[in-house]
Structure formats: C-alpha cells, structure tokens
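Database features, via TrEMBL:
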- 309-405: domain 'Histidine kinase/HSP90-like ATPase' (DOMAIN)
- 21-41: transmembrane segment (TRANSMEM)
- 47-69: transmembrane segment (TRANSMEM)
- 81-100: transmembrane segment (TRANSMEM)
- 130-148: transmembrane segment (TRANSMEM)
- 160-178: transmembrane segment (TRANSMEM)
Amino acid sequence: MPASSAPEVAAVVLQHARRGLVLQSWLRLVLLAFMVLTIVAVPPERYALACAIVVAGYALSVLAVTVWIRNGAPSAVRMAWLAQFVDLAVLAVLTLLTGLATPQSWTSDVLEAGFLLIPVMAATQLRLRVCTAVVVPTVLVYLAAGIVTRVANEEPWSSLLLRTLVLAGVGLGCVGLSRIQRSRVRTIGALVRDRTHLLAELTDIEQRERRFLSEQLHDGALQYVLAARQDLDEARETGDQAAFTRVEHALTESSQLLRSTVAELHPAVLDRAGLPAALRELARNAGARGGFSVDVDVRNWPDDVRTPADALLYRTARELLSNVTKHAAARSVTVALAHVGSRARLTVTDDGVGIPDGAVQRSAQLGHIGLTSHTLRVEAAGGTLRLLPGPVAGTEVFVDVPWPEA
C-alpha cells in the first residue's frame, strides 16, 4: 500500500493542503492589492473605468473564494486550484487592456510583474500536477500577452523572451518546490502512521504483560496459596502435623513461583550476570512449567559482553519459550546463543507438534499478536525472525540482529 493511501498520511496531507490554501488566499489578496495600487498609482490613459470594473469583479471573486476555502471542506481543497485560472485570466485581461489601449504608459509593464505570483500560489497546493497545470498556462499567457502588446510598445524580441525565461524559471522552481514539500508532508504522515502503530503495539504489549502476569499468578502461586489456606484450616481443626508440613511446602512453592515470575518480568540477572545467565534461568523456569528438558548452548557467545540487543533477545526468547510451554507439547528444547560474524543469533528448537502453515497469521487476525509483535521489533532493530520446521519434528526459530560495532 502506498504511504499516501494510509488514513493517517491522507489526514496529514489534507491538513497541510488546507494550510497551503490559507497561504494562497493571502497571496491572492496581495495580488488584488497589487492590481488596485497599479491602477491607482500608474493609471492607464484610456479604459480606466473598464479596468476598475474588472478589478472590482475580481475583488468579489476573491471574497467568494476566500469564504469557500475557509470552510475547509475536502471539496474546497481539491477544487480550489481552479480559482488560479481566474487570477490568471483577470491579470491577462488587465495587461492586454492597458497595453493595447495605452502603449505609451507603464501600466501594463507593471501589471506583468504580477504574473510571478501565480506560480508561487500554485506551489502552495502540494500537488505536482496541479502546480504544473497552472505554471504552464501562466508562462504561455505571459508570452502571448507580450507578443500581442509588443508591436504597440515596440519591445524587442530579446527583451520579451528573456522576461518569459525568468517567469519560466520561477515556475520550474515552484514545481520543484511543490514536489519537495509534498514528499516532506508524506514523510511526516508516514511518521504519524508509524507512531500510531507503535502506540497501539505498546498498549497491546502492556495488556499481554498483564495477562501473562495474571496467568502466572493464577496458575502458579495462587493455587499454592489457596491449598495452603485449606491445609491451614484443617490443621487448626485437627492439629495434624502433616497439614502444617503441606502448608509450609505450599508457601515455599508459591514464593519460588513469585520469584520466578518477578525475575521474568524484570530479569535482574540480565543486568548483573549477562544474557547467557539470564537465558539459563529463563529456560530452567520454562522447562519446570512445561515439563520438558532444556539445553542452553552459549559456547559461541563472548564472555562478559553486554550489547544493546540483550534485552530484545531476552524478551524474544521469553515469548518463544512461552509458546513452547503453551502449544508445542515438546519433550526437549534447545536454546542456542551465538555471535556469528556481524550478527547476534538466537535459536530456539523444540521437538513438539510444530506450527501449521498459516497459524501465525490466523492467530494475529484473532488478536494474538505476541509473536508478530516480536517479529516487528526484531525487524525494527534491523534483524530477522524466521520460523522453520525442526530437524526431526517441532519448530526451529532463528532470530538474527546486528552485532553492535565497537
């Protein structure tokens, strides 16, 4: 999908287009003031009343267009560029009227300078085709008006062509500026879209962490606490020493589960002892919960090394092991961490039931985007996350992220 087709990008483009129309309205008022001052300060010797009527009619059209634009409707944004042909037509009529009727006056020469405002007004539209569609007729009308009045005022061809060349250069610059500004606005819109997606992802991550914590507490420590409460009630009634022993065991297990949950949420060992030690502890806890054996291979990881990717690799490993615990029905799992060339690689292999084709996409459509969100985070860090069938059975996941340069 093109960036400009996203709703967030379209909204940003529309917002900046409206701002461009406001600027265009001010420039149109400048053009109107320029016409009035020219007719007053450098009046034509003939047809002064006709010129005044044309300017008055133009003033009414400027008022109508300004009110229409201030409404801010999308239709106004799309169609307001047509008003520039009215600007061009009025300026051309005044130039021809004063140039042919009174060639000895300076009125038409001064009015011709107003053509330079038309391309600038077109550049505010942030639409390359619209700007081109206005600039090309402006240059042609300017040249045609100069040719028509050239005989009357005896202007040399060289002078006319040079003036036209200057206007064409201004028009070309305005077309280029319109393209650059459009590109910038689209970039801003894309950033807004990405920010919206990141905020949504952050909210989803928070909700998943809450669900994870709730499940861990409900399925683990809370069950032992409830069992301890029942055993404690029984011990109070019977004084059975075995009941007190069961209470002590339940409380010990619940405290260990709470420590394990807290460690997975904020692994202090990751900061204290590094990623290999944190992965060993994570794998040991996952194996205890899932009932599978875990082998952690960190032989190809440098000792006493901390990288900016450690937290990302740890969170990804936690998500992968959590999926193995919930869905894989695996008997054994291997977690490997290695430094391979310019990449840091994490591999998680299980011998479980595997992942059916399309299962990840279907899960994401149902709102379970844990693995999808981790894939996006890995890709945002310049890495890749690949799911492949295991060597014999199950699933093998490769996570590669750039190794930070020294």
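From the backbone N, Cα and C atoms, a Cβ is placed for every residue, glycine too.
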## Note on the structure
Given the transmembrane segment (81-100), its same-chain partners at Cβ distance under 8 Å and 6+ residues beyond its ends are 24, 28, 31, 35, 39, 44, 47, 50-51, 54-55, 57-58, 61, 65, 107-108, 111-112, 114-115, 117-118, 121-122, 125, 127, 130, 133-134, 137-138, 141, 145, 148-149, 152-153
### Message
If I take every residue in the domain 'Histidine kinase/HSP90-like ATPase' (309-405) and average their pLDDT values, what number comes out?
### Response
82
### Message
Is it the case that the transmembrane segment (47-69) and the transmembrane segment (21-41) touch, counting contact as three or more CB pairs under 8 Å in which the residues of each pair are 6 or more positions apart?
### Response
yes
### Query
So, by DSSP, how many helix, strand and coil residues make up the domain 'Histidine kinase/HSP90-like ATPase' (309-405)?
37 helix, 31 strand, 29 coil
